[in-house]
Amino acid sequence: MSTAASHAATPAPSPEPDRRDTAQGRSAGRAWTRWILKRLGLAVLTLWVVSLIVFVATSALGDPVRAILGKDFAVSPERVAQIRAAMHLDESLPQRYWIWLSGLLRGDLGTSIANGVPVSELIGAKVANSAFLVLVVTLIMVPLSLGLAILAARHRGGPIDNAIQVVTLALAGVPEFVTGILLVSLLSTSVFHILPAVTVLPAGAMVWQRPLGLILPVATLVIAVVPYLARILRSTLVETMDSDYVELARLKGIPERLVLRRHALPNTLVPTVQVSALQLAWLVGGVVLVEYLFNFPGIGAALVDAVRNGDFPVVQALAMVIAAVYIVVNLVADALSILLTPRARTEMVA
Amino acid sequence: MNRLAGLARDPKIVIGSAITLLVVLLGVLGPLLAPHGEFDIVGRPFTHEGSFLGTDYLGQDVLSRVLYGGRSILLMSILATALGMVVGVTYGVLAAYAGGWVDELLMRTNDVLLAFPQILVALLVLSAVRQPSWWVIVLFVGLAHAPRVARVARGVALTYVRRDFVAAAQAVGEKRWRIVATELGPNLVVPLLAEAGLRLTYSIGLIAGIGFLGFAADPGAADWGQMTNENRLGLLVQPWGVLAPVLVIALFTIGTNLIADALGSHAAQGDS
Amino acid sequence: MRGLEVGLVGRDVDVIDGVDLTIRPGEIVGLVGESGSGKTTAGTALLGYARAGAAIVGGELDVAGHELRELSPTQVRNIRGVDVAYVPQDPSSALNPSIRVGRQLRELLDLHDIGTPEERDRRIREILPEVGLPGTDEFLARYPHQMSGGQVQRVALAMVFLPRPQVLVLDEPTTGLDVTTQGRVLATLAELCERFSVAALYVTHDLAVVASIADRVAVMYAGRVIEQGVTRDVFSSPSHPYTRALLAAIPHLHRAFALKGIPGSTPAPGRRPSGCRFHDRCRFVAEECTTIDPPPVDLGNGHEARCLRIAELPPWDPDDRVVADTAPDRVREPLLSVSDLEVSYGRSTVVRDVSLDLARSEIVALVGESGSGKTTISRCVGGLHGDWRGRISLDGVELAPTARARTVEQRKRIQYVFQNPYQSLNPRRTIEQILLRPLALFGVARGRQARDRAAALLESVQLGPGVLSMRAGGLSGGERQRVAIARALAAEPDLLVCDEITSALDVSIQASIIDLLEGIKRERGISMLFVTHDLALARSVADRMLVLQHGRLVETGLTAQILDHPQGPYTQELISHTPQLAAAFSDGG
């Protein structure tokens, strides 16, 4: 043992640079403020570009008046002129965009062409209904996926794992309205007549007052999002269970239960958040077909109606709502990911 | 060579290909097998007259319409997927290989496009173009895929762009396009095929979904998506008008998704 | 703990079998072997643990008074960490990235209810200074990524010693550390083992490290211990041909050895030959070696080796492969010159004021620890890194920063060989495609002629023409690096830039690559810029050497001159921390 034992006696004057970041409370707060401001700026910029695209797609491509009047377009020119004036259609495109955008910024979403009601009034309840639907689906999706992933990872290679893998793989690609139709025909028509096939609400009621009508839409969306999420989480979990630090934990004699809970699961939180956000963002669009199928009084069905009626103020408003939700969900997911990753969290402050 | 052999032995590939091939054959050869014509009225609406799947909302034969209804939707899905792959892969690989601010700019732009769920892209276009021709649908479904493909393609390309064999090619003065074609290209094939399989799965879902919402290119024509919409009202009395096309779509998506998943895991293995 | 015989099975195949090892309290036994020898498997077996897909199937595991094979999984788990502990290979990936260090240290004490909570806390704060770390709240609240590699390894040591285990398994615990850090960690380890009377098994591929720390050593090959004994005995009179071949592959700081590799490669489990497992690669093989499994031969003082022909082997002379160092008065005809090179990444400058020159048919070693800027310099010379200031010229002609901006002729004359052959060859292309490309690009040969040339190139790196049709993905690390060298030679360069080209390879493979480079230099008169962190390797390879520290050149001169009479304090420190084979015996231990 000739290697200079003298070095051990005193704490070694570390020749390696000490990578500790001097994280002070105040500078952490400042770093977070800077990060949030930067991301908010970026989000606003994105939303602005989104508004441009939405406006161009809805206003510039087609002729809304022709769409509204249909056959009347050719026979009543005075109606045409009247509507054109009401919708500022004689102004230039940039001016119309400005009128729309400034209204948007004031919270004025415009007036529905189909029935002359302010758009905000028209979609308010529907946004709440859809938000409730998505919320319920999310609350089921995350624990269910995580549970399936843990179950599969703990029995890796066994029959339980294989069964979960086969079922989730088969379901992962099936379109949501296909699943929905199959569920309807199974549970509310031919085979069993248990659940209502469509959501019928008395005027003014909200969806949560008729929970039975929620079951099929929720089930359809859950089946649409859970398989993919569960598969991703299972593979992350399996990868973590194969990592060096999990092996070390086992070699330290830590019981498997604790290995999973303390060593493996915390390191799968970030992928869980990220992929859940991805699925959540998908859900906001995915509700369209499902709501249409079940006549669910939400933004999806409203969007389809508005598109069919050429009610472009409603289309614009709903498109902006959906894009905004996507942007916010991503922002929150990124912030959570940083908070949950010690490395990202401490380095952001540095 | 043994990579291909390994793929051919994977049960997921075998079963997936068999299912996919079956549905494609059904779509391509269907019209030849159909007992009745696409528009023939064979009985009263929503009854069990006609062949064994009964009649639809107009009294047309459901089985015949299912057999007729695959060609357009399958062709459109494949074209839309191809379009989305070409645009997305070009964009993503370009971003990865260029790096630096070009990459940053391209990917930020891509982020904006990602804020539109695919069904929203479809509806926005449909709000402007009420009666889309088939190629309009192909165009926007394909373009709706592009930003998502671009993100995946960039990710895959990035893992190879930083490998030393790319640096080695640069050091001997290899032309840029040649590096992309001969050094990156062969490594991207399998992962991108996996992505293409996934995109095909989503394409058919989306195009069928458009038909389901009642915006099909050719109203009245037999089409798996549109049939689900036409016959919804009869779901209680004659479920097969809806169930038959829905089951075929489900089968096809299961098949393509199996292939995509198998290719994906092979790509992950080949990397190590 | 006494007497250990282990057999493992993974898919009906022996990973290791018939391994006997005894480790006494206070003793460190080195378990040495190349990759595929089963040394890590033997190490973790001491904890009653086998990786997924393998299982302990036979033998006795008597560890710290427990017969592990007769205990239930729960009982084995209760022994782990407390009676027998494990120090992982790469602590930076073995510490949990999302748990604070303090909690990771406490975990085992909490689990086994050792002492009161206050006592646990006190013990942690007491042990940290012993491994050279501060026992402060601030330190305990850190995450692993907030520490340097050396600190992480010290935390791993502290964690292991906390429950006062009787047996310790160390699995290459200093891989990836710089020599100075490695030296300090080894010293700490030796001290702790002695103080706590721990029986330690030190698993490593590095014979020099074993020589400096182990009391006894066991050499493993293809799942077997083929020789073991007191460290000094094994290294001064190695008796198994494999041990000898391994020793002959190891470079020496103070003597320029001609390094000799071992032909072939270690057989994988399931493909091991009958009889003596080394017979297909052995220089002294005889008829009976192919059929008879050699029993251990006792050579006295606990020294034993498994070879049938021990008596017939010639005596071991470590110095029979010494070659002359480069003469100081050699005429130097300059080829490459670098002056005032400065490189920055963002705001930090990684290379400053570096000037060097390289003569024809000369090998210059660029030596330094990680972060010294040695690879950056080589990348600038190779035109792979374009953002630098200064002047690099070839035969007096100044070179453009990037390879792309240089002339075809300049690109042809300087060829680069990368550190990691797993990354530098495109796994999807065949070797033929890989070799034909530079031939075509530089107009060396075309068509049929080019294919002949490719086969000839493979032959010059000792690979058969059958390799041509294979893909890079199907070759071993050593074979890949040979192909990478052949690719560089295809351009018929004047200068080869070799960036740590042996660091990803086993010592015996490293030796054969070095042997190959020597031959190339001799026959083709090619100059080389040889980047390495291994001072001893530089002695065997390089005519002259340059020592780098924090991006500056601190010492330049003839290799022999620098290593035997270092002038700068940094070079002296590097040399003193470099583990040496000879240290265990000639320096008097």
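Placement of Cβ uses the backbone N, Cα and C atoms for every residue, glycine included.
Automatic, uncurated: that is what TrEMBL annotation is.
Taken from TrEMBL, the feature compositional bias 'Low complexity' covers A:1-11.
The feature domain 'ABC transmembrane type-1' is assigned by TrEMBL to A:127-333.
What TrEMBL records for A:1-25 is region 'Disordered'.
The transmembrane segment annotation in TrEMBL covers A:40-61 (among others).
Counting same-chain residues at least six beyond the ends of the transmembrane segment (A:131-151), those with a Cβ under 8 angstroms from any Cβ of the stretch are 160-161, 164, 168, 206-208, 214, 217-218, 221-222, 225-226, 229-230, 233-234, 236-237, 260, 265, 272, 276, 279-280, 283-284, 287, 291, 296, 298. The transmembrane segment feature in TrEMBL is assigned to A:131-151 (among others).
The list of residues near the transmembrane segment (A:163-184) in space but at least 6 beyond its ends in sequence, with Cβ under 8 angstroms from a Cβ of it, reads 148, 151-152, 197, 216-217, 219-221, 223-224, 226-228, 230-231, 234, 286, 289-290, 292-294. Look at TrEMBL and you will find A:163-184 (among others) tagged as transmembrane segment.
What TrEMBL lists as transmembrane segment is A:214-233 (among others). For the transmembrane segment (A:214-233), the residues of the chain that approach it from at least six positions outside its boundaries are 133-134, 136-137, 140-142, 144-146, 148-149, 152, 164-165, 167-169, 171-172, 174, 176, 179-180, 183-184, 187-188, 195-197, 199, 207-208, 268, 271-272, 275-276, 279, 282-283, 286-287, 290-291, 293-294, 296, judged by C-beta separation under 8 angstroms.
TrEMBL lists A:269-294 (among others) with the feature transmembrane segment.
Summarising the annotation, TrEMBL assigns transmembrane segment to A:314-340 (among others). Long-range contacts of the transmembrane segment (A:314-340) within its own chain (CB-CB distance under 8 A, at least 6 residues past either end) are made by residues 35-36, 39-40, 43, 46-47, 50-51, 54-55, 58, 100, 104, 109-110, 112-114, 119-120, 122-123, 127, 269-270, 273-274, 276-277, 280-281, 284-285, 299, 302-303, 306-307, 348.
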Distal contacts, the transmembrane segment (A:269-294) - CB-CB under 8 A, six or more residues away: 130, 133-134, 137-138, 141-142, 145-146, 175-177, 180-181, 184, 197-199, 213, 216-217, 220-221, 224-225, 228-229, 232-233, 236, 300-301, 303-304, 322, 325-326, 329-330, 332-333, 336-337, 340-341
